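S.K.: Reproduced below are the annotations present in TrEMBL:
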type	residues	note
DOMAIN	1-243	domain 'NADH:quinone oxidoreductase/Mrp antiporter transmembrane'
TRANSMEM	33-56	transmembrane segment
TRANSMEM	68-88	transmembrane segment
TRANSMEM	100-118	transmembrane segment
TRANSMEM	152-173	transmembrane segment
TRANSMEM	193-212	transmembrane segment
TRANSMEM	218-251	transmembrane segment
TRANSMEM	272-290	transmembrane segment
Amino acid sequence: CSMIYGSTGATHFDQLAKIMTGYEISGPQSSGLFMGILFIAVGFLFKITAVPFHMWAPDIYEGSPTPVTAFLSIAPKIAIFATILRLFLYGSYGDTLQQVFFFCSIASMILGALAAMAQTKVKRLLAYSSIGHVGYICIGLSCGTIEGIQSLLIGIFIYALMTLNVFALVLALRQSRVKYISDLGALAKMNPILAMTFAITMFSYAGIPPLAGFYSKFYLFFAALSCGAYFLAAVGIITSVIGCFYYIRLVKRMFFDTPRKWIPYRAMDRNKALLVSMTSFLITFFFLYPSPLFSLTHQMALSLYL
C-alpha cells in the first residue's frame with residue numbers, strides 16, 4: 001500500500017482507476033507501483049489459501065477448534081474476494097495480475113485435488129478441498145468479465161452454503177471423538193439421517209447434479225469457455241473428476257465399510273440441527289428456483305463495471 005501511495009499519491013479506488021487508465025506498467029519509474037500491486041495480490045492470495053501461498057492452511061485447519069476452522073473457511077474468503085473485486089477490477093486490473101490469478105487458479109485446483117486423495121483425517125481433507133474450491137472460484141477472477149464475476153459470486157455463495165453444512169456436521173461428529181476418515185465407518189448404521197446428509201453434501205462438493213455444487217462449477221466453467229480460457233476449463237473439469245474420488249470415498253466409508261471400532265454418536269443439538277436442515281434444503285433444492293441468486297449476482301457484477 002505504501003508503494004502504491006508513493007507512486008501515485010492516491011489511496012481511493014476511483015482515483016487509482018483514473019490514474020491507471022491506459023497506463024503502461026513498465027520501466028523503472030513504475031516499478032514501485034507494479035510491486036505494490038503485486039504484493040497486495042500476494043497478501044490476498046495468502047489469505048484465501050491459494051496455491052502457492054497455501055502452506056499454512058492444512059495445519060491450521062486441523063489444529064484449530066472446529067468453530068474457528070469453519071470461520072476461517074468462510075468469512076475471510078468472502079471478505080477478501082469482495083476486496084479483490086473492488087481493488088483489482090475497479091482500480092488496477094491488468095494482464096500481469098490476470099496471469100497471476102490464472103496460475104493460482106490452476107495450481108490450486110490441481111494441488112487441492114491430488115493432495116486431498118492422500119489424507120486420512122477429516123479436517124485435513126476439508127482443508128485441501130477448500131484449497132481446490134478456491135481454485136475453482138478464482139476461475140471467475142481470471143476471466144475478468146461480467147460473466148466471470150457473476151460466476152465467482154455464485155461460486156462463493158454456494159461454497160459458503162456447503163461449508164456451513166459440512167462443518168456443522170463435523171462439529172457434531174467431533175463431539176463423538178471422530179477425527180479420522182476411518183472413524184466414519186459406523187455412521188450410516190448408528191445415525192442414518194446424519195450419514196445421508198453428509199453424503200448429499202459430499203456429492204454437492206463433487207459437483208454431481210442436480211445439487212447446488214454442480215451449478216457452481218457449471219457457471220464457472222461456462223465463464224471460462226466464454227472468455228476463451230479453454231485450458232482453465234479443461235483443468236477444472238479434470239480436477240473435478242479427480243475430486244469425486246475422495247468425496248465418494250467418504251460416502252463409501254460411511255455406508256459400506258465395517259468400522260474398526262464402534263463409536264456411539266451423540267445427538268445433534270437444536271441449533272446445529274436447524275443449520276444443517278436449512279443448508280441441506282438449499283443444497284438439494286437449489287435447482288428448482290435458482291433465479292433470485294442469478295439475478296442478484298448479475299446486478300452485483302454489473303455494478304462493478306457501471
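Each Cβ is built from the backbone N, Cα and C atoms, and glycine gets one as well.
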S.K.: State the non-local partners of the transmembrane segment (272-290) in its own chain: residues 6+ outside its ends, Cβ under 8 Å from one of its Cβ atoms.
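M.R.: Residues 158, 161-162, 164-165, 168-169, 171-172, 197, 200-201, 204, 209-213, 215 contact the transmembrane segment (272-290) from elsewhere in the chain.
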S.K.: Should anything in the same chain at least six residues away from the transmembrane segment (193-212) have a Cβ under 8 Å from its Cβ atoms, list it; otherwise answer none.
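M.R.: Result: 129, 133, 158, 161-162, 165-166, 169, 172-173, 184, 187, 218, 240, 243-244, 247-248, 250-251, 254-255, 265, 268, 276, 280, 282-284, 286-287.
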S.K.: Among 33-56, 68-88, 100-118, 152-173, which stretch has the most Cβ pairs under 8 Å to the transmembrane segment (218-251)?
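M.R.: Looking at each of 33-56, 68-88, 100-118, 152-173 in turn, the most contacts to the transmembrane segment (218-251) are made by 100-118.
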S.K.: Residues sitting near the transmembrane segment (152-173): Cβ under 8 Å, six or more positions beyond its termini, same chain?
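M.R.: Non-local partners: 66-67, 69-70, 73-74, 77-78, 81, 85, 122-123, 126, 130, 133, 136-137, 139-141, 184, 187, 194, 197-198, 201-202, 204-205, 212-213, 215-217, 219-220, 265-266, 268-269, 272, 275-276, 279-280, 282-283, 286, 293-294, 297, 300-301.
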S.K.: Counting only residues 6+ away from its ends, which parts of the chain sit with a Cβ under 8 Å from the transmembrane segment (33-56)?
M.R.: 1-4, 6-8, 25, 76-77, 80-81, 83-84, 87-88, 92, 96-97, 100-101, 104-105, 107-108, 110-112, 127, 130-131, 134-135, 138
